[in-house]
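Accompanying notes for the structure given below.
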Amino acid sequence: VHPPSPPDGVFSIAVSRPPLPTSDKGAYRREEESPLRNTDMPYIVMVIQSVIIFITLSAFILYVFSPRSLPLLNPTAAPSFTVTFETADRLPFPPPPPLPPLNPSDDVVVDDEDGKKALPSHHSHSMLARFKKAAVVSDHGICSEIGRSILTKGGNAIDVAIATLFCVGVTNPQSSGIGGGFFMQIYMKETCECKTINARETAPKDIDIKAYQKNPNHTSYGWKSIGVPGEIKGFWHAFNTFGSGNPSSGGKVKWGELIEPTIKLCSEGIPVSEYLATILETTKDKVSRNNELRMMFTNPATNVFYKEGEIMHRPKLAKTLQRLADAADPAELFYKGEMAQTIVKEIQEGGGYLTLEDLEDYEAADKPSVTSSITPTISQCGPPPPSSWIVTQLIVKVMAELYPEPRRREDLDTVLFYHRLIEAEKFAYALRTHLGDPYHLKKEMAYFIRNLTDPTTAKIIAAKISDVGPLPKETYQSDGYVKEDHGTSHVSVIDEQGNAVAVTSTINLRLGSNVASSLGIIWNDQMDDFSVPGHSNAFGFAASAANSMEPGKTPMSSMSPTI
């Protein structure tokens, strides 16, 4: 590394002439002085000249012996290029160079014949790939591989989604599992139809609303927080209606084949993720209070909770899943049979409200999807309330109003784009406070679905958005506060026939109710998704009347699976 070049004048003086031998110094001085005497130069000129020479020499000496120039005099003492800072996060490092634009041709094509190819560098840490025949995406690579194995056996998109979610409930037990519920959005290519399966949990019929008002913590922790689980009923209905259980679906796998890979995973061991290990550490006090949950997540080799990378076994859940895989009617076993009796007994002994009647009466049926046009050639479909899909589709439509022409991705990576997106989300999310269970609010929900999918609504909101900055809070017309759900797992599938599934599953908060069954099931805490009458949230917002707690009602959800 070289310092900047000094002025030429400095070097012209430094190398003016080599020094003479010591014996000749007097002659050299006389030789330099004689021209001045011979020309009778005024004394003042000589003084000025001397001052200039002195200043120039001083500048040269200061430059040579400055810290940045010392390595030039002593190269062996050059400092290392590696510098360690005590607080590196405080240093204003320069931004990285801009990334090259991502073109569609940069995507990777992967198929069974060629195998996986090296992926290009991309803006995100997620891999980007294209597949020729089908695709499975989930929260865990092991589970996506299980979904792929079902595809190769002849399963369709619905079969694959079920098998993949069984797995995700085991690899990510903090977020989902058969103790929870889901929304499944289905597209059947042959009929060009969208269908929705609502397997969301419901409130038990014997809940004591006053008990929740007295102690709102009962909605999020413990046996009283458990809603009627819908996962198994929803899976069984999806399999028999749209999956291989329906001969006309084109699927070729048996019900048990969808669960067997996960049973094997429970028996042979599951690698503990960093996220699960972190949650076990941060919630260890709650987890320790429930004996089944504590034993589930305690490593017998160390007698402490599992750490990242350790192998966790789930033998109790493996037995439960094996019984469900072998059953002629797993929904009958889980909701009405011996397993149902065990479930109810344990929950009631813990102080919960779930009854055998709640399980027997639970239904997960396919519902008409809500469809919304984005452009004349692009439509989107998703589940009706109590999902939040009509909020999601409204955000998309508002942005389509603001950006009607196709644009490159990098053209949208601007401050203005993100400002408009945030404003669109604020307007749309404020309307969510009016939404609730359509079974209990049939007329109201029909009205909101019709209005929120109307193109005029998107145009009005787009016109209200100011590019100058955010608007006053009252402009967004929020009617209170709606609780958010937290942990979710999502699976997306497209099969070779063009059928597609987008399904989101949850047990609500991290580790749900933080209680588990002797069956190895972690139960949901979906009662927390209701607004508790008379109680505002931590931010001081009033509860939403449309999402108020009622026996048998389904709470609102942020989940919005979209096709």
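A Cβ is built for glycine as well, from the same backbone N, Cα and C atoms used for every other residue.
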Co-listed L-glutamate-binding residue [TrEMBL; alongside ARG200, THR506, ILE507, ASN508, SER557, SER558] among ASP159, ASP467, ASP529: ASP529
Same chain, 6+ residues apart, C-beta under 8 Å of the C-beta of THR488 (active site, nucleophile), given in sequence order: SER175, SER176, THR504, SER505, THR506, MET559
Other CB atoms within 10 A, centred on ARG200 (L-glutamate binding site): 30
DSSP state at ASP529 (L-glutamate binding site), helix/strand/coil: helix
